[in-house]
Amino acid sequence: MMSIEWKKYGPAFAAIVLAMSAIICVPKLFNEYEVMQMTVYVILAILALSLAFIWGFGGILSFGHAMFFGLGSYAYAIAAINFGETTSAFIVAIIVPCLFAALLGYFMFYGRISDVYLGAITLTVSLIFFKVANSTSGSAYKIGVAPLGGFNGIPSVPRLTVPGFPTWELNTIELFAVCVGFLALTYIGLRFLIASDFGRIVISVKENEKRSVLLGYDVRLYKLVTFIIGAAIAGAAGSLYANWGSYTDPTVFALSQSVQIIIWVVVGGVGTLIGPILGCFFIQWLTTWLTTVDSVNKDVILGGILTLMVLLLRQGFVPSVRQFFCQIRSKTPPPRHEEKIA
């Protein structure tokens, strides 16, 4: 009974403990610049979770997932500048990607578009957003009083304030704590969602769509809802990203950003939640470190590491490690047979 309870609630408890430990210890062990770097790692890990859910458990591979990240970032910046307060802007940053995901997802899933074309459509739409955002330079391009700025982006984005205290703007340490807490809550929420009846049906649709249809499930609706949930999480991550730098620009829609998200999930392990978080942390830390090394092409190094990961750990880091320990546990010493003397 204890093992069953631990299997159900243990990871959530561990996530809470790790989050609290990070919130307490990191500001004491690292300087403000290093805390800022860790904050962006955490924000991008939230983004990785959004794709990990829709791809690893819903079977929906979005090649343009950065569009929801960018929509959340721009929606927050525009709303915060126009509203003059940030709590409602954060909510808007989640709602806008959800609405767009609902619209796009409706045409994709109810139009019975195949997985290959689905990936192409999401990639194309993301590139359209990137092109449009780059083409909005000049004073004429505004939404309310918020200038879009074209390739220069939107500067001076107001940072989140504590609800009810409009003058209490989050500092670097407080923003780190909020991001870590949001990452932990997202991880826990997705774990319980996957373990629910809804989650089991989503996984069933991924594994055998025809069987799910025969069982009477509207697979189009489940795919659509899964897509919207992923967009909501990505939008929240985009909002936090705009807070982190008090700035956003069209690169949040870029193809490189969408590719990065896929890489994090692949390295950590498709079909897991903790894997993409670890994959994001590792790749981002490695990228940051390589930029400090002279005479090193970080793209070549990263490409080589990713190639080795795919060849040696085809399932990703976490599933491979899990499989390794399961094999060790399952190995039992062969029975000893005593020779019978006739």
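Cβ coordinates come from backbone N, Cα and C, glycine included.
Here is what TrEMBL records for this protein:
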- 12-30: transmembrane segment (TRANSMEM)
- 36-56: transmembrane segment (TRANSMEM)
- 63-83: transmembrane segment (TRANSMEM)
- 89-109: transmembrane segment (TRANSMEM)
- 116-133: transmembrane segment (TRANSMEM)
- 175-194: transmembrane segment (TRANSMEM)
- 221-241: transmembrane segment (TRANSMEM)
- 261-287: transmembrane segment (TRANSMEM)
- 299-317: transmembrane segment (TRANSMEM)
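Among residues of the same chain six or more beyond the transmembrane segment (299-317), those with a C-beta under 8 A of the stretch's C-beta atoms are 263, 265-270, 272, 275, 278-279, 283, 286-287, 290, 323.
Outside the transmembrane segment (116-133), and at least 6 residues removed from its termini, the chain residues within Cβ reach (under 8 Å) are 60-67, 70-71, 74, 104, 108, 148, 150, 249-250, 253-255, 258. Against the transmembrane segment (12-30), the recorded stretches 63-83, 89-109, 175-194, 221-241, 261-287 differ in Cβ pairs under 8 Å, and the greatest number is found for 175-194.
Distant neighbours of the transmembrane segment (261-287): 11, 40-41, 44-45, 47-49, 51-53, 55-57, 61, 63, 65-66, 69, 183, 187, 190-191, 194, 298, 301-302, 305-306, 309-310, 315-320; these residues of the same chain sit at least 6 beyond its ends, with a Cβ under 8 Å from one of its Cβ atoms. For the transmembrane segment (175-194), the partner stretch with the highest count of Cβ pairs under 8 angstroms, out of 63-83, 89-109, 221-241, is 221-241. Outside the transmembrane segment (63-83), and at least 6 residues removed from its termini, the chain residues within Cβ reach (under 8 Å) are 47, 50-51, 54, 89-90, 92-97, 100-101, 119-127, 129-130, 133, 143-146, 154, 156-158, 230-231, 234-239, 241-243, 248, 250, 252-255, 257-258, 261-262.
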